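Taken verbatim from Swiss-Prot:
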BINDING   Thr8, Gly9, Asn10, Pro11, Gly12, Lys13, Ser70, Phe154, Gly155, Tyr156, Asp157, Lys177, His182, Arg183  substrate binding site
BINDING   Glu40, Asp69  Mg(2+) binding site
ACT_SITE  Asp69  active site, proton acceptor
Amino acid sequence: MQKVVLATGNPGKVRELAQLLADFGLDIVAQTELGVDSAEETGLTFIENAILKARHAAQVTGLPAIADDSGLSVDILGGAPGIYSARYAGENATDQQNLEKLLDTMKDIPDDQRQAQFNCVLVYIRHAEDPTPLVFHGRWPGFIAHKSAGNGGFGYDPIFYIPELGCTAAELTGEQKNAVSHRGQALKMMLDTLRNA
């Protein structure tokens, strides 16, 4: 089994990606288990930040790395919270604080203007100097609900409503979510590419 470092300290992302990669023959190790500090996210896009994180983890560990940069983009807010999704309510904000700030920001926004999408950029980098990192983008459209529903997932999942499923992302099982989510889409693209490489 090939060891690959997962360049995140977010336990929700580690859990989702490890579950999705279990059958692929990759031994996924979270960077925190290897004593790797988080890279500074100085990019202006999900792609830039994912590459920064993957390159940093590969450089420190000497292992191939997978990095994820993802977030929620709300149309009426010009794409916010976007790359700042994890710290929308402040630098050390909890998921609940971020979610509550978004609900408060959108309290007067009518239903027909609550479109949003989760975006996930996954980067696979073979080594720290890799000049051609593999980049995959998944997008999951939905709407921002008026209140939380469900106990699954993490982050904004309890207020991310998927009309065709009639529920929020937090009301899906992990398996259901992985089949349709932005992260599941990006990972499927990555695995298809690695399989055929």
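Just so you know, glycine gets a Cβ as well, placed from its N, Cα and C.
The structure, with features from Swiss-Prot marked on it.
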{"residue": "Thr8", "record": "substrate binding site", "Cβ contacts under 8 Å, 6 or more apart": "Val14, Leu17, Ala30, Gln31, Ser38, Lys53, Ala67, Asp68"}
{"residue": "Asn10", "record": "substrate binding site", "Cβ contacts under 8 Å, 6 or more apart": "Ala86, Phe154"}
{"residue": "Gly12", "record": "substrate binding site", "Cβ contacts under 8 Å, 6 or more apart": "Gly153, Phe154, Gly155"}
{"residue": "Glu40", "record": "Mg(2+) binding site", "Cβ contacts under 8 Å, 6 or more apart": "Leu52"}
{"residue": "Asp69", "record": "Mg(2+) binding site", "Cβ contacts under 8 Å, 6 or more apart": "Glu41, Gly43, Phe46, Ile47, Asn49, Ala50, Lys53, Ile83, Cys120, Val121, Val123"}
{"residue": "Ser70", "record": "substrate binding site", "Cβ contacts under 8 Å, 6 or more apart": "Lys13, Phe46, Ser85, Phe118, Asn119, Cys120, Val121, His182, Arg183"}
{"residue": "Asp157", "record": "substrate binding site", "Cβ contacts under 8 Å, 6 or more apart": "Gly150, Thr168, Ala169, Ala170, Lys177"}
Gly155 (substrate binding site), number of other Cβ atoms within 10 Å: 22
Number of Cβ atoms other than its own within 10 Å, given for His182 (substrate binding site): 24
Where Asp69 (Mg(2+) binding site) sits in the secondary structure, as DSSP reduces it to three classes: strand
Residues Thr8, Gly9, Asn10, Pro11, Gly12, Lys13, Ser70, Phe154, Gly155, Tyr156, Asp157, Lys177, His182, Arg183 [recorded substrate binders]: greatest CA to CA distance in Å: 21
